[in-house]
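S.K.: Please find one structure pasted underneath; my questions will follow.
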Amino acid sequence: MYKEYSDLKDKRILVVGLGKTGVSLAHFLTKHGAQVTVTDHKSKPELSVQLEQLGELPIKFELGGHSPKTFIAQDLVILSPGVPSNLKIFDYARSQGIKITGEFEFSAGFIKEPIIGLTGTNGKTTVAKITEAILTESGVKTWVGGANEKPLVDYLRLDDKAQVVIAEVSSFMLEHCDTFNPGNIVFTNLAENHLDRYRSMEEYVNAKRRIFKNTNQATTSILNADDNAVVELARDPAVQRGRIFYFSRKPALEPQIMNIGGAVNIGDEIRVRTGPEIESFNIKGMKMRGKHSVENIMAAILASREHGATREAVQKVINTFTGLPHRIEYVRKVGGVMFYNDSKATNVHAVLRALDTFDENVILIAGGKDTNLNYEPLRTSVKRKVKTLILVGEAKERINRDLGDFSETFLIGTFEEAVLIAYQKSRIGDVVLLSPGCSSFDMFDSFEERGDYFKEIVRKFH
């Protein structure tokens, strides 16, 4: 793979997918002398905004479909995120000796600065943002991108580079990773997800496992000791090649973790060891709710300490970081009822974490696009915590089959109606929680749009 910008001169490169990433790639590649072709299954009118962003760049276009002859005339094919990697035309191109890669893998190869690679089913963006906050407070210049809609190629286009790059890495990105080798790997947790894309949980895990493919003695892996699937992954010889720091909320693991290095939560304290000394941080003033938030903070402390984070910066961020929108986000209190927006909860594991946050009676709004997930693991929490279950969207029947017997349940036609009924069913002291356990694409363009609509409805209540 190319490592220097000069390697791109006169190379014939095909960019598949003309979304935000495709546009950025086209700008970067043409600037460095590549002969660029862009292909997309959408038509010219559908891509008018993107085509305008490319202006007069010397690019060839193949729009409205993909032809084999375009693929086999290239030195390299780069797929934008979201383009399925299993299309038959890609198999054909590979059979003709054409190299196919993803934007993330391609862009990462040019980055000379240290990279923190963050993966896991949930928590990636929050850990990235806490890590960024700690390092920024410590005077370390960072750049955050990857799976959070800011492609790595955007970093390559910057003149003013960071000291540390924090990259969120999804399973889709890892499918194409052959050479990606971050100095630090953070693995937050591992649970069933994306089963509309993967044929089995094993296939999903194998995609995630690829982040460890190129580890060496200089790699530090930061792993969740409380997640059995992550601990199982840690037995992989590739992980064992480098140093491992574990983080845990189990005080019983404290002697073991302090011996090898890592972080442990005991009461209102996080104990951390990344060098000879053991440090303690107080979490009494922590603003975020939920036990999982403590896990996220521990992961971020360990990652940032590898890059010069100061003790003072860590404590300040613990005391001031308020969390991110759409992640157990407090909206408002109406008539003694608290409303929380957890629209980012697009899988079962995320809903479990949300329910675990509350001691109050919960009216849970769930449902969305059906991605073949199994909701049975929620039964105990629903039985214990959920007073009323409001189901909406494409997956409502599936969720009802798995959970409907464990709580008063309503299957609702529209999202707005679901929120209204949740409010009607609530009483003083209750929590109304939007934590869908599904992606948003049956009714909305994104989890952000879904969460914003929820907040808009709730703000009209009086």
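Each Cβ is built from the backbone N, Cα and C atoms, and glycine gets one as well.
Just lifted these from Swiss-Prot, have a look:
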BINDING   G120, T121, N122, G123, K124, T125, T126  ATP binding site
S.K.: What other residues of this chain sit with their CB within 8 A of the center of the CB atoms of G120, T121, N122, G123, K124, T125, T126, the recorded ATP site?
M.R.: L118, V127, T188, N189, N296
S.K.: Taking each of the binding-site residues T121, N122, T125, T126 in turn and counting other Cβ atoms within 10 Å of its Cβ, which one has the fewest?
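M.R.: Among the binding-site residues T121, N122, T125, T126, the sparsest Cβ neighbourhood within 10 Å belongs to T125.
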S.K.: Determine, from DSSP, whether N122 (ATP binding site) sits in helix, strand or coil.
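M.R.: The three-state answer is coil.
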S.K.: Just jot down the residues in the same chain as G120 (ATP binding site), at least 6 apart in sequence, with C-beta under 8 A of its C-beta; none if empty.
M.R.: V186, F187, T188, N189, L190, K208, N224, V230
S.K.: Going along the chain, which residues six or more apart from G123 (ATP binding site) have their CB under 8 A from its CB?
M.R.: T188, N189, H292, E295, N296, A299
S.K.: Looking only at Cβ atoms, how many others are within 10 Å of the one on K124 (ATP binding site)?
M.R.: 25
